[in-house]
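Asks: Residues annotated as S-adenosyl-L-methionine binding site in TrEMBL: 117, 149, 172, 275. Annotation source TrEMBL lists compositional bias 'Basic and acidic residues' at 1-13, 34-47. Annotation comment: TrEMBL describes 1-47 as region 'Disordered'.
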């Protein structure tokens with residue numbers, strides 16, 4: 001039994017009447033991920049099984065040969081990754097040799113790595129092929145993508161078109177990026193008809209005035225905020241918390257348009273993708289001494305870095321909604337995934353997916369979301385499912401106790417229409433939910449609770465019997481909360497039936513509950 005030491009002991013004694021059951025505190029030692037569980041390069045990536053052969057490329061392309069070094073011990077040939085000219089020439093010969101693409105960028109522009117960018121393309125291919133959301137096509141059978149900030153390199157449209165026959169709109173704002181993107185498209189006539197390069201009109205020359213829905217004139221700078229405000233009034237997302245438009249204003253993106261005012265009226269796309277500006281300053285961008293990929297300030301930095309830029313994409317997506325089947329972005333810092341995911345649930349998305357891209361020693365992450373309602377089938381009938389699941393809530397503020405967690409659990413399920421029974425003595429909530437109730441939670445189709453009816457419901461369940469009556473085709477779950485140490489709780493969910501009547505629902509619902517509670521209590 002865990003014993004809380006002074007000075008917390010006084011707090012524990014004063015709350016003994018409401019203290020939840022204690023459980024053994026698990027070790028916080030970070031477990032090293034087994035080799036078999038570590039992410040690898042995408043299996044359909046051309047370089048997944050065979051690395052680029054620098055010696056062969058040097059023999060075939062004389063312009064690459066000066067950049068290849070050979071070790072005296074007979075090791076693999078290598079290049080100097082801190083030399084921009086070397087990395088640019090490698091990208092050029094890989095695109096020509098493996099993809100039959102003619103390509104070049106001027107000095108200083110961002111030079112992409114081909115294997116890493118191919119990973120992103122193939123991940124989007126997986127998303128489009130999955131049955132997570134309906135397979136409705138936006139352009140008569142041809143997949144259509146939108147590349148946010150395509151850059152002079154135009155790498156994603158070139159790879160997506162040559163590998164998979166997709167059509168693209170690539171946007172950018174600087175003249176040099178637009179000029180060289182156009183050149184790279186025109187130098188590949190076999191795919192040039194599939195790619196449109198679109199100029200983003202900046203607001204730098206003065207705010208353009210347009211009419212809002214109520215007839216008032218609004219500037220280009222404020223137009224997006226008005227649109228996002230309108231969406232917030234319509235959406236009742238799962239974590240019922242609003243985001244502050246004006247907090248930390250210096251960290252908000254305030255650059256040229258990203259999707260709104262670039263995507264044209266009536267346009268529809270299967271996906272958008274983005275390699276965002278990862279950094280806040282060029283000094284920060286140059287901190288990695290092991291590589292040199294070039295990059296202009298427009299490509300590399302913005303106030304607030306990638307977090308602010310991707311947040312802006314999320315806000316635009318909340319207005320455009322199903323104009324895109326999937327919205328995606330690359331993420332350079334894993335630590336940003338949590339807050340960005342919380343933001344996505346806040347604006348009312350129906351699904352969020354993440355992945356990890358691996359290329360050598362470099363890791364990037366992919367973030368994808370959609371407003372398209374998922375298919376009704378939750379999980380394949382053949383997927384084995386655990387009957388008991390759990391997670392830790394750490395970093396709770398002192399004013400939040402196990403009772404607050406249990407009440408939030410009850411509120412979440414009750415808002416879907418499920419029957420709930422909260423037991424304050426055993427620190428459990430018993431839930432009975434139909435397939436429709438489960439779908440409502442997974443799709444964020446929750447109804448706001450009326451305070452009076454909610455209070456009546458709580459009283460009725462507390463006064464009821466110790467178990468809920470339920471038909472055999474309903475899902476019955478018990479949620480229990482255990483205290484570990486002050487500020488840390490263990491949340492456990494268990495199926496109350498031997499045979500799960502709704503295959504796959506329990507694990508999906510419990511994961512949604514974890515996201516909900518972490519967003520509400522662990523920020």
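Glycine is treated like the rest: Cβ placed from N, Cα and C.
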Asks: Tell me the Cβ contacts of residue 275 (S-adenosyl-L-methionine binding site) under 8 Å, same chain only and six or more apart in sequence, or just say none.
Replies: 112, 117, 149, 151, 156, 330
Asks: What are the sequence-distant neighbours of residue 172 (S-adenosyl-L-methionine binding site), meaning same chain, six or more residues apart, C-beta distance under 8 angstroms?
Replies: 149, 150, 151, 178, 181, 197, 198, 199, 200
Asks: Would you count the other CB atoms within 10 A of the CB of residue 149 (S-adenosyl-L-methionine binding site), including those on all shown protein chains?
Replies: 23
